[in-house]
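Undergrad: Sharing the features that Swiss-Prot gives for it:
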- LYS17, GLY18, ARG19, HIS137, ASN206, HIS207, TYR258, PHE259, PHE260: S-adenosyl-L-methionine binding site (BINDING)
- CYS52, CYS55, CYS74, CYS78: Zn(2+) 1 binding site (BINDING)
- CYS65, CYS68, HIS86, CYS90: Zn(2+) 2 binding site (BINDING)
- 7-241: domain 'SET' (DOMAIN)
- SER283: phosphoserine (MOD_RES)
- 52-90: zinc finger (ZN_FING)
Amino acid sequence: MRAEGLGGLERFCSPGKGRGLRALQPFQVGDLLFSCPAYAYVLTVNERGNHCEYCFTRKEGLSKCGRCKQAFYCNVECQKEDWPMHKLECSPMVVFGENWNPSETVRLTARILAKQKIHPERTPSEKLLAVKEFESHLDKLDNEKKDLIQSDIAALHHFYSKHLGFPDNDSLVVLFAQVNCNGFTIEDEELSHLGSAIFPDVALMNHSCCPNVIVTYKGTLAEVRAVQEIKPGEEVFTSYIDLLYPTEDRNDRLRDSYFFTCECQECTTKDKDKAKVEIRKLSDPPKAEAIRDMVRYARNVIEEFRRAKHYKSPSELLEICELSQEKMSSVFEDSNVYMLHMMYQAMGVCLYMQDWEGALQYGQKIIKPYSKHYPLYSLNVASMWLKLGRLYMGLEHKAAGEKALKKAIAIMEVAHGKDHPYISEIKQEIESH
């Protein structure tokens with residue numbers, strides 16, 4: 001299949017950025033630029049039973065695979081369509097039992113290898129960019145990253161050798177490096193992790209901290225919509241990262257994961273940085289050094305919490321959140337993004353513990369500064385309104401709930417498109433209350 005391209009868009013060489021995607025026609029806010037079916041994808045283990053493994057539909061009463069009892073499907077059709085991928089894991093899951101634990105990256109990479117064998121020619125996901133062309137940044141990997149790739153390769157051999165042939169080690173290193181910087185995480189309307197996937201044409205877009213498009217998902221289909229007006233000849237930019245944080249933090253993240261430093265307007269002017277690291281107005285203002293120390297503390301505690309999530313109890317996690325907020329509040333305003341980060345984590349722990357009132361209190365403190373720090377149409381803001389709306393509804397605050405859900409819908413109609421199933425579901429929630 002020859003690359004027939006995408007209507008109104010072209011691949012081009014973006015100065016200083018390598019390949020990129022450029023508009024050939026105007027797009028208005030909310031317009032769908034293109035959609036891209038997943039080249040390969042995998043449902044995350046924690047969502048098994050909630051979503052169909054094949055089409056990612058979320059519903060009650062899915063049927064389970066009779067062999068492994070681990071995969072769930074809408075019906076026989078979905079199960080049959082998924083078999084070429086599921087068979088890579090079906091009997092190994094039974095054989096390994098409790099010891100079956102490949103990472104999601106390994107699971108996705110196994111599926112890419114299977115797909116390449118089944119479908120060596122170009123796919124409808126690769127109209128402008130083929131998987132083979134993905135950037136790997138091999139020359140930029142440090143030893144730690146190389147070691148991580150080698151352990152992924154070992155796991156790939158360990159769990160998948162019965163049903164898959166592998167290329168040599170060097171080719172696998174390249175493939176894992178490509179997956180690491182071109183893979184996507186699929187999230188639901190509340191930004192909960194659903195799975196991982198490869199969307200080659202979506203991966204063609206370069207990054208900006210003031211993006212003009214947003215990527216959302218409809219099952220295993222990625223959709224790209226304009227969140228700013230785009231004129232013919234303009235490059236199409238998405239954001240690779242969470243845009244909450246100040247410039248230095250964003251670029252640390254971009255360098256670490258994607259090996260470049262951003263030079264967008266936001267990174268050049270740093271316009272939002274002052275508000276993002278808002279300092280308390282005290283009669284004796286904190287010294288520059290005290291501020292620097294507190295920023296360093298904040299970054300460390302964020303990393304500490306990220307690691308602690310894997311082994312600490314909810315109450316211990318909540319304590320980290322509360323103590324760190326207390327410490328930071330001596331220097332930082334509540335609207336400071338480091339404070340917001342810990343509030344957001346605390347809210348997540350409250351939701352996990354089903355402490356709805358606690359979660360609501362955190363959400364109420366978060367939403368206003370979120371709306372200020374994030375771009376106009378932001379999935380982070382939409383999902384926060386949605387969580388708030390559902391909490392209000394659950395706690396019988398109907399008027400506040402409806403108002404919050406409508407705020408979520410207003411953003412989602414642009415980001416997800418007016419006809420997205422998520423929007424119908426939320427409207428249904430408003431109706432039924």
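Cβ from N, Cα, C; glycine included.
Keep in mind that this is a model prediction, so the values were computed, not measured.
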Undergrad: Quick check on the zinc finger (52-90): DSSP residue counts for helix, strand, coil, in that order please.
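TA: Residue counts for the zinc finger (52-90) by secondary structure: 12 helix, 5 strand, 22 coil.
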Undergrad: Distance check, please: Cα of CYS78 (Zn(2+) 1 binding site) against Cα of PHE260 (S-adenosyl-L-methionine binding site), rounded to an integer number of angstrom.
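TA: Between the alpha carbons of CYS78 (Zn(2+) 1 binding site) and PHE260 (S-adenosyl-L-methionine binding site) there are 40 Å.
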Undergrad: Cα-Cα separation of HIS86 (Zn(2+) 2 binding site) and ASN206 (S-adenosyl-L-methionine binding site), in Å?
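TA: Computed Cα spacing between HIS86 (Zn(2+) 2 binding site) and ASN206 (S-adenosyl-L-methionine binding site) is 32 Å.
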Undergrad: Using CB atoms and a 10 A radius, I'd like the single residue among the binding-site residues LYS17, ARG19, HIS86 with the highest neighbour count.
TA: HIS86
Undergrad: Using a 10 Å radius around its CB, how many other CB atoms surround CYS52 (Zn(2+) 1 binding site)?
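TA: That number is 22.
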Undergrad: So the record assigns LYS17, GLY18, ARG19, HIS137, ASN206, HIS207, TYR258, PHE259, PHE260 to S-adenosyl-L-methionine. If I measure every Cα pair among those residues, what is the longest distance in angstrom, as a whole number?
TA: 16
Undergrad: Measuring Cα to Cα, how many Å separate ARG19 (S-adenosyl-L-methionine binding site) from CYS65 (Zn(2+) 2 binding site)?
TA: 42
Undergrad: When you rank CYS52, CYS68, CYS74, CYS90, SER283 by Cα distance to ASN206 (S-adenosyl-L-methionine binding site), which of the recorded positions ends up on top as the closest?
TA: CYS52
Undergrad: For CYS68 (Zn(2+) 2 binding site), which residues in the same chain are close in space, meaning a Cβ under 8 Å from its Cβ, but six or more apart along the sequence?
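TA: GLU89, CYS90, SER91, MET93, VAL94 - these are the non-local Cβ neighbours of CYS68 (Zn(2+) 2 binding site), listed in sequence order.
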